[in-house]
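K.L.:
Copied straight from TrEMBL:
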type     : residues  : note
DISULFID : C155-C163 : disulfide bond
DISULFID : C263-C298 : disulfide bond
DOMAIN   : 66-298    : domain 'Glycoside hydrolase family 19 catalytic'
SIGNAL   : 1-34      : signal peptide
Amino acid sequence: MSKGMFSRPAGKLAAMEVALVLAVLLMAAAGVEAKSKLKTCSKGWECTDSIYCCNGTISDFFQVYQFENLFSKRNSPVAHAVGFWDYHSFITASTAYQPLGFGTTGGKKTGMKEVSAFLGHVGSKTSCGYGVATGGPLAWGLCYNHELSPSQSYCKEDYLYPCTAGVEYHGRGALPVYWNYNYGLIGDGIKVDLLNHPEYLEQNATLAFQAAMWRWMNPLKKKQPSAHDVFVGNWKPTKNDTLAKRLPGFGATMNVLYGDEVCGQGDTDSMNNIISHYQYYLDLLGVGRQNSGENLDCAEQEPFNPTVQPASS
């Protein structure tokens, strides 16, 4: 055999190859670690140790005066939760979810749209506005923090979250929570005993916003999307979703949150009221309703979780 690189003893060659592979792996690991460190940011107390924090924080684009503009009539004498809701409670609640992408996914415009979408639901569900109300019907969000005249106790037999004696589970909060099992589930999610103390959601605005944000960020069932996912583009519809006309956008957030209570019912007032609040807030934040996005409604969407199961063939 001629002299040269191929005349190197096999043992030494194998050892060199192993050393080279190890060196490459170590360099790759170091590169991944460095890359991950670069992608993780903290922005004060509001958003910590997350890749999403690198995109900025909600208070970068949504400040006190804008909150006041969106909910300008909430402390009017005729409102039913005067002095309860405030900007600080909203931002404080959001610190648990900004590191997970709430209002911090993508750029500033996407963040503004998500905050408008979330608050559009909140404003619609807590409004006491009506057609000729001062300031218009869309200026009265956060008028309530609980249901004033419950028609029932909203207690249903449930193995995981049984009703507590003497406790009523009527609507409370920013996205009103109903029924014992929903209080139990959300309470577990935010680590607060709402099953035994549902009244916390009408006593503490930060908790009320936090419960609503937990519901926005989490699906009801595994393998289903959250409202956050369908809005910011994290969710890719399956073939069945497409056949059911469930597509990413604001319309699907209503499907996730309310199912067939709002969706699949055609062009209804309840659906349009939620959309109107969302677009009104987009205008007030300077994004503009022309940027509402595709698939704005859910008029023809089949619900993710129908309340009545179709009969089997």
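Cβ from N, Cα, C; glycine included.
Annotations in TrEMBL come from automatic prediction, not curation.
Tell me what's around each of these sites.
P.N.:
Sequence-distant contacts of C155 (disulfide bond), defined by Cβ-Cβ distance under 8 angstroms and a gap of at least six in the same chain, are C163, V167, E168, Y169, W179, N180.
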K.L.:
Do you know the mean pLDDT across the domain 'Glycoside hydrolase family 19 catalytic' (66-298)?
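P.N.:
It averages 96.
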K.L.:
Among the disulfide-bonded residues listed here, C163, C298, whose Cβ has the fewest other Cβ atoms inside 10 Å?
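P.N.:
Lowest Cβ count within 10 Å among the disulfide-bonded residues (C163, C298) is C163.
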K.L.:
Are there residues of the same chain, six or more positions away from C263 (disulfide bond), whose CB falls under 8 angstroms from its CB, and which are they?
P.N.:
G251, M254, N255, M271, C298, A299, Q301, E302, P303
